[in-house]
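These come from TrEMBL:
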REPEAT    365-399  repeat 'PPR'
REPEAT    465-495  repeat 'PPR'
REPEAT    498-528  repeat 'PPR'
DOMAIN    680-773  domain 'DYW'
Amino acid sequence: MNGLFIFRRILSISLSSKGIYPIMKKLSQDSLNNSSTQTSLIQSYIQRQAINKAYRLFLNMTNKSNDIYRIMIKGLVSNNMLEKVLDLFDDINIQPSPIILTMLFGVCARINNDRAKETGKKFLNQASNEMLNDNILLTSAINMLMKFGDVKNAEDYFDIIKNKNIITYGAMLKGYTLNNMCDKALDLYEQIKLKHNNITYTILLNACAQLSTNRAKEIGKKLLHQISKDLPHDNILLTSALDMLMKFGDIKKAEELFHLIKTKDIIIYGAMMKGYTSNNMCEKALDLYQQVQLNHNNITYSILFNTCAELSTNRAKEIGNKLLREMPKKFKEYNYINNSAIDMLMKFGDIKNAEILFQTIKKKDIITYGAMMKGYNINNEPLKSLKLFEEMKKNNIIIDEIISIILIDTCAKIGIRSMCQSIVNQISPHLLDNQQIKNALISMWGKAGLVKNAQQIFELVDQPDVITYNAMINAYGKNLLGLEAVDLYRKMPVNLRDKISYVSVLNACSHSGLFDEAYSIFNKISNKTKNVVTTMVDCASRLFLFDEAKKLIEDYEKYNAPYSVMYMALLSGARNARNSHLSKEVYQKIKVLFPNEKNVLISASILLCNISSSLGRHEEAQTIRLDRIKELGNKVKAGLSWTEVNGEVVQFTAHDQSHPRSKEIYAEAQRISSELIKYGHVHDASWITRPLREHETAESVLCSHSERLAIAFNFIEGRKPSSIQITNNLRVCGDCHQATKLIAKIRQVEIVVRDANCIHHFSTNGTCSCQDHF
């Protein structure tokens with residue numbers, strides 16, 4: 001015993017001077033094989049962070065004790081070598097003590113993969129009855145099983161504990177919350193007769209926050225009252241309390257609590273900023289950010305990027321870009337921060353910098369790809385989204401539910417049927433049974449003009465929710481099947497209808513000219529939001545019922561601030577009716593009421609300019625155009641059209657020369673134009689939104705619109721397609737609409753064109769499904 005004490009003393013001195021290796025050379029082989037000596041050496045290696053040497057020495061030991069297992073496991077855990085801990089238990093030949101099993105269950109809970117589940121459950125099943133009287137061991141087992149999602153077995157072990165303490169209750173409460181069974185957590189809370197500690201209070205506040213039901217709100221506020229005396233001393237508890245109040249939407253109470261906190265850390269600030277953002281009070285979040293004098297952490301960077309993304313105002317862009325520029329390098333290693341930054345840049349419309357950031361990420365995960373793909377969709381670049389999907393497949397990244405929904409949205413953006421089917425074929429069958437994915441597919445097929453496909457999926461949904469109904473109503477509306485949309489709306493359970501349902505059915509009526517049906521539905525809507533009223537204004541304006549449209553606006557503005565989109569709907573109707581007087585009146589109102597809405601002013605100016613051109617007042621149109629450029633700049637949203645031929649999806653802009661076969665496309669466009677003229681078509685120059693340049697004619701400009709080039713691409717080499725499908729991101733112009741009806745008749749081919757408003761089905765008899773009501 002004295003010899004061992006001397007050895008340990010020498011070893012302790014050597015650690016602070018020459019190291020253990022000179023000492024080891026002087027020890028006999030018998031000493032080195034002594035388990036006590038080996039234990040001391042392993043401890044020394046671990047202290048010196050030579051974990052691999054400690055592990056090798058451990059493997060060579062013949063007589064391993066529970067004590068040496070404890071030391072080795074602790075060393076591996078502190079070095080984050082958790083899988084190595086499982087390796088130890090593959091070959092263990094002693095009965096593990098309760099302490100060792102407790103450590104093992106903690107490691108298995110952290111790893112939480114198939115191997116960990118197998119190992120953890122195996123040793124739990126082998127535990128003796130005596131061990132199962134150990135509260136610490138069973139609490140660790142309950143925590144592990146809850147992490148595995150094995151709630152039933154966790155409950156069984158919990159029930160056998162005779163003398164439950166608050167820590168055991170805490171493990172169950174945390175487990176229920178982790179497994180989205182917060183109601184069960186609250187049921188258990190109501191059975192507890194013990195005094196709570198800060199940990200159980202924190203868990204319960206989190207459970208109440210997740211639920212946010214009336215019961216949860218009642219219990220949450222009761223808990224706050226119980227712990228109010230201790231709150232100022234525990235910032236973790238305070239953070240949970242703030243988060244809960246924010247999720248309840250009780251901003252006032254959260255702010256009162258926040259102001260009571262004397263020593264605020266960055267986590268407390270983060271909880272408030274996140275709460276403001278989730279309650280659509282992003283400006284308040286940025287106000288608070290500008291008051292913070294502390295260094296930001298990884299969480300607050302992510303929160304602030306999300307806040308700036310939500311707002312996307314000039315102020316938000318300035319703050320977001322500054323944060324990204326000045327963010328310390330260490331935070332750029334966190335994928336979730338980069339993902340938030342990519343989402344922010346994409347919502348700013350800054351595709352270039354989002355792409356640069358994406359390329360700098362070394363280990364791109366599925367969420368990173370999702371952020372980029374979603375961003376491309378937002379910015380009307382769905383083809384780039386599909387390229388990323390191909391990259392994911394090359395990198396063997398298996399798509400999940402979220403990526404599937406993003407891909408379906410990508411297809412919905414492009415609207416090409418063959419592509420839609422190709423992507424659906426690549427989604428796992430078990431995911432196709434997911435209701436969220438079914439809802440997305442209904443919307444996609446509706447936007448691709450295949451209403452029957454949408455109906456088939458709708459009928460497969462056992463319990464349609466509000467999103468399912470809205471998607472189907474919208475699919476009918478987009479395809480100008482207004483009566484079907486109204487019929488489904490009336491079959492929809494009244495309690496399911498929401499503001500989107502109202503807008504969808506009214507929009508369907510608007511595009512099908514069903515004013516009486518729309519008015520009947522509108523009158524029964526109790527909460528007439530600005531979007532509901534706007535859709536009704538649009539419905540009246542499309543039918544040139546301008547007195548009714550103006551009355552709707554006047555009634556709305558008696559109690560609400562003016563809304564620019566209502567006036568744009570009225571102006572659009574006036575443009576279609578070529579009502580110059582009303583157009584000027586509405587345009588002047590827009591300038592007075594919405595002087596800071598630049599995009600609205602540009603769109604309104606273009607519509608007014610079109611009206612002047614359509615009436616032959618070209619000088620007036622030029623004056624309006626020049627005034628717009630002078631005041632607002634010349635930034636007009638570019639028209640894009642997509643089509644697919646022989647598996648190739650092509651994107652065109654107006655006057656596009658980028659395709660390798662541009663000469664052939666333009667030659668075919670000219671042939672089509674000659675045929676149109678022969679059949680009596682007169683190119684309508686009123687739809688040209690800019691002055692003609694030298695060598696340009698109305699014919700050459702209109703024949704170079706993106707949808708006309710897309711149609712020509714389908715006919716090059718003299719082939720006759722069975723059908724043509726085109727998606728346009730803007731509303732189709734009147735001249736293209738008239739021309740496409742004739743092309744379908746002349747070339748005897750069905751053409752489907754989806755524009756920003758609806759889906760036009762052009763028949764071989766020269767008619768359109770919209771009956772010129774677009």
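Backbone N, Cα and C define each Cβ position, glycine as well.
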Long-range Cβ neighbours of the repeat 'PPR' (365-399) (under 8 Å; 6 or more residues past either end): 335-336, 338-340, 342-343, 345-347, 349, 351, 354-355, 358, 406-407, 409-411, 413-414, 419, 426-428, 640, 642, 649, 651, 729
Distant-in-sequence neighbours of the repeat 'PPR' (498-528), which means Cβ under 8 A and at least six residues beyond its ends: 466, 469-470, 473-474, 476-478, 480-483, 485-486, 489, 492, 535-536, 538-540, 542-543, 545, 556, 757-758, 770-771, 773-774
Helix, strand and coil counts within the repeat 'PPR' (365-399) (DSSP): 26 helix, 0 strand, 9 coil
Within the repeat 'PPR' (465-495), residues counted as helix, strand or coil by DSSP: 25 helix, 0 strand, 6 coil
Model confidence over the domain 'DYW' (680-773) (mean pLDDT, whole number): 87
